[in-house]
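As given in TrEMBL:
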- 58-134: domain 'Methyltransferase type 11' (DOMAIN)
- 204-278: domain '18S rRNA (guanine(1575)-N(7))-methyltransferase Bud23 C-terminal' (DOMAIN)
- 256-281: region 'Disordered' (REGION)
- 263-272: compositional bias 'Basic and acidic residues' (COMPBIAS)
Amino acid sequence: MAGSGRRPEHRGPPELFYDEAEARKYTQNSRVVEIQSQMSERAVELLGLPEDRPCLLLDVGCGSGLSGDYISEEGHYWIGMDISPAMLDVAVEREVEGDLLLADVGHGIPFRPGMFDGCISISAVQWLCNADKKSHSPPKRLYKFFSTLYTALARGSRAVLQLYPENSEQLELITAQAMRAGFTGGMVVDYPNSAKAKKFFLCLFVGTSGTLPKGLGTECASEELHQAKFTNERTRFRNVKGKSVKKSRDWILEKKERRRRQGKEVRADTKYTGRKRRPRF
């Protein structure tokens, strides 16, 4: 495909780049879904949320709700913001459990002060570094985003923003505007020695300065070993906490029960719920 090697944010504004076809292709790509799930899990882990109660989280650039799926699985509530109508349409079709808002975060976060217990964002913040219109000033849009996000978060909470910086200058621009808005914290880099597995998480603190978490895979090892270790540790941790395996009967029943509590229409449970069908030949 022509221009396939270019960064998505260089190929047009997000609301145009993620049209209906691109939104569906993105959501149906199993590799994308897997990576989104892993990054969402890591972002929520870095939030350091209390384990004794559900929290209300903001998902910035929620897209079709892939990151929100993990938040729901962890028993938390969420509100997602995205600028792409097509992405949100797919999220509605997928019947995600969070509330959705069509909005440009460069115009600010339109929620009351102290409303959220935390915020995550997966692969979205770097889009604010582009001037897609003559009226766009990346530093001003970033500051508007961070200053209103700071206000919307409860004191003592965190925001964890995973991003793909284009270069060190872009990274410095994003971090500088966050600190100017009142945040403390810094960048957590997972697998810094791996070209493919390397991930940047901007971990921001509201009101109080916390200890910046350490990045994963900081010791020298192969990329494959890092990735396998990360995945296996997550699986064991989930089993220790008593979480149901995804797509299992218990997992399906728990999800249906959450939706009933939200007042949504759900099919009745039967002995066939979660049944694994035999393969056809």
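All positions are counted from 1 along the displayed chain.
Cβ coordinates come from backbone N, Cα and C, glycine included.
Caution: TrEMBL annotation is automatic and unverified by curators.
As the structure is a computational prediction, the values presented were derived from the model and not from experiment.
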Query raised in the report: Could you count the residues of the domain 'Methyltransferase type 11' (58-134) that DSSP puts in helix, in strand and in coil?
Result: 25 helix, 20 strand, 32 coil
**Report entry** Average model confidence [pLDDT] within the domain '18S rRNA (guanine(1575)-N(7))-methyltransferase Bud23 C-terminal' (204-278)
**Finding:** 64
